[in-house]
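K.L.:
The following feature annotations were taken from Swiss-Prot:
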type: DISULFID; residues: Cys2-Cys8; note: disulfide bond
type: MOD_RES; residues: Pro3; note: 4-hydroxyproline
type: MOD_RES; residues: Cys8; note: cysteine amide
Amino acid sequence: GCPWMPWC
């Protein structure tokens, strides 16, 4: 996941 988007 991305640091700012947990669903990435």
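Yeah, the Cβs are placed from backbone N, Cα and C, and that goes for glycine too.
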K.L.:
If you draw a 10 Å sphere on the Cβ of Cys2 (disulfide bond), how many other Cβ atoms land inside?
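P.N.:
That number is 7.
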K.L.:
Starting from the Cβ of Cys8 (disulfide bond), draw a 10 Å sphere and report how many other Cβ atoms land inside it.
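P.N.:
Step by step: centre on the Cβ of Cys8 (disulfide bond), count other Cβ atoms within 10 Å, giving 7.
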K.L.:
DSSP three-state call for Cys2 (disulfide bond): helix, strand or coil?
P.N.:
coil
K.L.:
If you draw a 10 Å sphere around the Cβ of Pro3 (4-hydroxyproline), how many other Cβ atoms fall inside it, taking every protein chain shown into account?
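P.N.:
So the number of other Cβ atoms within 10 Å of Pro3 (4-hydroxyproline) is 6.
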